[in-house]
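Quick notes on the structure that follows.
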Amino acid sequence: MAKAKFERTKPHVNIGTIGHVDHGKTTLTAAITKVLHDAIPDLNPFTPFDEIDKAPEERQRGITISIAHVEYQTESRHYAHVDCPGHADYIKNMITGAAQMDGAILVVAATDGPMPQTKEHVLLARQSGVPYIVVALNKADMVDDEEIMELVELEVRELLSEYEFDGDNCPVVQVSALKALEGDKEWGEKLLGLMKAVDENIPQPERDVDKPFLMPIEDVFTITGRGTVVTGRIERGVLKVNETVDIIGIKTEKTTTTVTGIEMFRKLLDEGQAGENVGLLLRGIKREDVERGQCIIKPGTVTPHTEFEATAYILSKDEGGRHTPFFNNYRPQFYFRTTDVTGVVTLKEGTEMVMPGDNAEMTVNLIQPVAMEEGLRFTIREGGRTVGAGQVVKINK
């Protein structure tokens, strides 16, 4: 048992299963926990299929999503694995980023080959910034013909290349989740082989503290005799006292200033880092120079923009969304990080309207600039009510 207390030092990676309905995503998830439980019992509990299948609902950015979270460890890593029972849940999870993935296991039934949702999930993985994919060719016990197997593998590789993944070099592992779950030793070994491929082909993600500093401003106030303080949660990076920062977004001009103090829970700190809620004392800045919704950044690392292309999921009526479709020139509020900015929507050519429950591609023109990068997530709101959620795919200007 002494081994377990070292687990904090293991690299942590977030992954998930994606792929067509009934190709065996949930069975594979359960089977992974079983073979790892059998191989390294003191680190891994077994999570049965039923427990994953009845995934609890979560609310993320005003959208309800069913997501199952499973944890397990290989010899070298600690994994958090997400699996969604329904196809709609996948779309919502990918677009809202409810559960960010550092890599995905694409499950394709060898008996069927790639199907429409296989394509859709790979496209969503590309759009939502899932960087790496490992393929599990499932139900391999049901295909005797080696040529069919090779054909399916080829199709999957072509599909991955089509969506700008590394189709030529991506690992494709033949598995039978059901057989492994039933305790078949040979198929259990193949599943361990799949996890070895995941260990070796999904790189360790860069930690938030290693990225350039960024903090969205939540509040601004004046402390008599000390100056202006802005508060917020540091999204990424590290900031030290006396460093220079830029304040960008909302206004047309950026402001450059020096941080003369960093406070947390009324204590003074030498530095603040990703995940911490802090107050920053800014030199020579008046209360009216800064506002909620702007971002404080390491100079030159992010720029404000007004026009971008996005992919968005629009809530259905049952989810508390709109009851009617919207058309070109729709003008909702786009909520980025800590503030709403009005934007005008232009639909993709050939799209007349967007129905509640759809996922849509659109171009947005904001009336004020927002500090953004590709991959930034937002919520679409009308009068404070969430009607959709999306992600910046490409910045135009």
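Residue positions begin at 1 at the first shown residue.
Each residue, glycine too, has its Cβ placed from N, Cα and C.
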Checklist entry - In Swiss-Prot, which of 14-17, 138-141, 246-249, 338-341 is tagged region 'G4'? => result 138-141
Item to check | Of 19-26, 251-258, the range Swiss-Prot labels region 'G1' | outcome: 19-26
Checklist entry - In Swiss-Prot, which of 83-86, 167-170, 323-326 is tagged region 'G3'? => result 83-86
Item to check | Residue distribution over DSSP helix, strand and coil in the region 'G3' (83-86) | outcome: 0 helix, 1 strand, 3 coil
Next on the checklist: For THR26 (Mg(2+) binding site), which of the listed binding-site residues (CYS84, HIS87, ALA140) have their CA atom within 10 A of its CA?
Outcome noted: CYS84
Checklist outcome for this item: By a 10 Å Cβ neighbour count, the lowest-scoring of the binding-site residues LYS25, HIS87 is HIS87
Checklist entry - Including all protein chains shown, what's the count of other C-beta atoms within 10 A of the C-beta of THR26 (Mg(2+) binding site)? => result 21
